[in-house]
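**Q** Pasting the feature list from TrEMBL:
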BINDING   B:Asn40, B:Lys57, B:Glu111, B:Asp112, B:Leu113, B:Asp247, B:Pro248, B:Glu249  ATP binding site
BINDING   B:Asp230, B:Arg346  substrate binding site
DOMAIN    B:31-279  domain 'Aminoglycoside phosphotransferase'
There are 2 protein chains.
Amino acid sequence: MEQYRAFSTEEAIAYAKELPDRFPSSASLHAEEIGDGNLNYVFRIKDSESGKSVIFKQALPYVRVVGGDWPLSLDRARIEALALKLAADACPGLVPEVYSFNQEQALIVMEDLHDHLILRKGLIAGKRYGNLSRDIGIYMARTLFYSSDLYMNPVEKKARQIQFHNPELCKITEDLVFTDPYWDAPSNNIPGEIRDFVEPFLWQDEALKREVAILKHAFVTKAQTLVHGDLHTGSVMVTDLGTKVIDPEFAYYGPIGFDVGAMLANLLLSYCAQPGHRVDSQQTVEYRSYLLQTIEEMWLYFEAEFRRLYETETTEPMAKTAGFYDWYIQQILQDAIGFAGCKMIRRIVGLAHVADIDTIANTEMRVAAQKQALAIGAALIKGRQQATGIDAILAIIDTAR
Amino acid sequence: MEQYRAFSTEEAIAYAKELPDRFPSSASLHAEEIGDGNLNYVFRIKDSESGKSVIFKQALPYVRVVGGDWPLSLDRARIEALALKLAADACPGLVPEVYSFNQEQALIVMEDLHDHLILRKGLIAGKRYGNLSRDIGIYMARTLFYSSDLYMNPVEKKARQIQFHNPELCKITEDLVFTDPYWDAPSNNIPGEIRDFVEPFLWQDEALKREVAILKHAFVTKAQTLVHGDLHTGSVMVTDLGTKVIDPEFAYYGPIGFDVGAMLANLLLSYCAQPGHRVDSQQTVEYRSYLLQTIEEMWLYFEAEFRRLYETETTEPMAKTAGFYDWYIQQILQDAIGFAGCKMIRRIVGLAHVADIDTIANTEMRVAAQKQALAIGAALIKGRQQATGIDAILAIIDTAR
């Protein structure tokens, strides 16, 4: 193995030429660095003769968006490759195919989803996806069930947990999601227009902060299953009919509700952003209705598939006790609602924002969306423990309007 | 390093002679295998000239009490040695000193506590220990605090969690404490006299089994801190004034309440056993009162020291939020009460019993103690979520009488 080096486009092409069975010998390869994330290089390597292409995802030894001052373990590439493989086994077709993985180069060679769009961009554009709620519900149910104690042999589960030892990326979440938004941290990125609102609303609300501290405690202690760890609408790629979940480099053993909550949060951020992207209030009302329906259906698909797996494939004998499932699914729901609140708030005042809201050109509309996201986020965090079904989210949104 | 071999007394002596600075060159060494546990060899190596002695604790590659049919990882010796070292740092004087550790031989060379008695034997004999509740309270508070997310850097905590990867010993607890007592498992050791009682009382009570399943879920997912993992009254050695906690080979990252609950359970098993060991009911009443006082004081010492550490040494910023501590200590208490119930029940019907009860010669008294332990255990499991203070245990005992 050669020593790690961050690839140039030329080095990416040279590496691609050596891949067995990937391109014909006559290939005329071109490489383009297309990464728009915060952490990695993403190259598209394309043969202009055959039209065939692949993606190279290479981890960088630092946080790309910040630079060399924030070093980050290359081991996350191994974690991502392994998580994608497990997800492919659990729900074939819902993740990109991994062709090969080079640990030394922290490089994943994988399927090019060139005909797919990042879901977040589709939502901003007001598109609708007929299979999205089903696909994501199924993806979550299957990936989250099959790595849990409900299904896995307990010794094998603990071995898998070690494979997904991911302390540096967990630390990013611990800081950026669960800590920094709740004080005047240098990492925060607080829009100037709402700074005066944030201090009393987030920093002086001890009841809110206490609930966030409890959710942070769950994030760091509740090793229920292998979670994706960063399941926002930028980690989902879509076509009109197809869905692929990408980028599980934050994968670790955590609470099941963390993934579910991340999806809820990002759909609700889109909900808040709608007036800034639609031409009139009628369009806003209609698309918001679609988003709330997507949330509801996604949960119902998730819950139905998770229940089916529980009923047919649970190996853990005590989990089969009457009433256990109801308890189990309810704590997933309540965790998910709480985590959703944390994820909404951090996307408004924390380091990393979402395009849904930041691209709203009209200042008044953008500020309204930001304040609404903070209000819904806080209400979800504080109201989660009364939730017994997904309709609780709709009620909480109502109170926060 | 030589290949692992289970020592004979002769091999133990030969090994002891090679230890630097342990015995004088003129030593006349004798070795005796004194292990009464289920898993290991314990040799006392003594110099009859100087009177100096040491303990060799050597893990066997199988469960001693069962034999070669139940293989068990030797890695538990490493875990025990490391846990003893961390405990010595956290609370000097409350664990035996480890002189050396030989990984290849799965051998710990440690302080001989020859003037100490196993606490369980002292309780059966009706002795009282003036410093016990304080020492155990302090031991639990300090060991459990310093390996938790309240205190540790999150990256270091996760690294320590991996050091205490202990799946085989966890599996023993998962099976023997949280699973087998709740069905007609071959591993169970159900006293013939209460067999007819057990089926309706444990196996047909779905509400009880559901709560046990929830507690088992906490045992396998709630990675709060490094717990001792087997903190019963056979893992504590005492003199009139001194206390040492031994045998942390089950150590792993689990719920704080698991250790606290194990102590509660074993003191309550002693409580149930009292009529079988005292000469009259007056003696029983008095010693039971002592035991309940010990439980109460142990919790109060634990809680006071844990609170002091929380207030002065917490590094986790979100945990400092107003109200978080009250939530945190309450979940420890409720977990502890629930785990205590599970640990009582398993000591009556599961594989490993306790001498407190099994040595009661009078059948009627022994059966009464067994049934009382099952009743208190079930009441603790079902009643834990209403507990807001240690006095809840006294109320639960009252209802189960």
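Cβ atoms here come from the backbone N, Cα and C positions, even for glycine.
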**Q** If one measures from the C-alpha of B:Pro248 (ATP binding site) to the C-alpha of B:Arg346 (substrate binding site), what distance in angstrom results, rounded to a whole number?
**A** 19
**Q** Of the residues named as ATP binders, B:Asn40, B:Lys57, B:Glu111, B:Asp112, B:Leu113, B:Asp247, B:Pro248, B:Glu249, how far apart in Å are the Cα atoms of the most distant pair?
**A** 18
**Q** How many other Cβ atoms sit within 10 Å of the Cβ of B:Asp247 (ATP binding site)?
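**A** B:Asp247 (ATP binding site) is surrounded by 25 other Cβ atoms within 10 Å.
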**Q** Tell me the coarse DSSP state (helix, strand, coil) of B:Glu249 (ATP binding site).
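**A** Once the DSSP labels are grouped into three classes, B:Glu249 (ATP binding site) ends up as helix.
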**Q** Take the C-alpha atoms of B:Glu111 (ATP binding site) and B:Asp230 (substrate binding site) and report the distance between them in angstrom, rounded.
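**A** Here the two Cα atoms are 20 Å apart.
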**Q** State the count of C-beta atoms found within 10 angstroms of the C-beta of B:Glu111 (ATP binding site), not counting that atom itself.
**A** 17
**Q** Using a 10 Å cut-off between Cα atoms, which of these binding-site residues sit near B:Asp230 (substrate binding site): B:Asn40, B:Lys57, B:Asp112, B:Leu113, B:Asp247?
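**A** Final answer, ordered: B:Asp247.
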**Q** Considering every residue in the domain 'Aminoglycoside phosphotransferase' (B:31-279), what is the mean pLDDT value?
**A** 96
**Q** Could you state the whole-number distance in Å separating the C-alpha atoms of B:Glu249 (ATP binding site) and B:Arg346 (substrate binding site)?
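**A** Answer for this pair: 19 Å between alpha carbons.
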**Q** How far is it from B:Asn40 (ATP binding site) to B:Arg346 (substrate binding site), counting Cα to Cα, in Å?
**A** 22
**Q** Would you kindly give the Cα-Cα distance separating B:Arg346 (substrate binding site) and B:Lys57 (ATP binding site), rounded to the nearest Å?
**A** 26
**Q** What does DSSP say about B:Arg346 (substrate binding site): helix, strand or coil?
**A** helix
**Q** Rounded to a whole angstrom, what is the C-alpha distance between B:Asp247 (ATP binding site) and B:Arg346 (substrate binding site)?
**A** 20
**Q** Do any residues at least six apart in sequence from B:Arg346 (substrate binding site), in the same chain, have a Cβ closer than 8 Å to its Cβ, and if so which, in order?
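**A** Long-range Cβ contacts: B:Leu176, B:Val177, B:Asp180, B:Pro181, B:Ala352.
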**Q** In the three-state scheme derived from DSSP, which category covers B:Glu111 (ATP binding site)?
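**A** In three-state terms, B:Glu111 (ATP binding site) counts as strand.
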**Q** Looking only at Cβ atoms, how many others are within 10 Å of the one on B:Asp112 (ATP binding site)?
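**A** Excluding its own Cβ, B:Asp112 (ATP binding site) sees 16 Cβ atoms within 10 Å.
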**Q** Which residues does B:Leu113 (ATP binding site) neighbour through Cβ under 8 Å, counting only same-chain ones at least six apart?
**A** B:Ile55, B:Pro96, B:Met237, B:Lys244, B:Ile246
**Q** Just to be sure I understand the packing, how many Cβ atoms besides its own are within 10 Å of the Cβ of B:Glu249 (ATP binding site)?
**A** 27
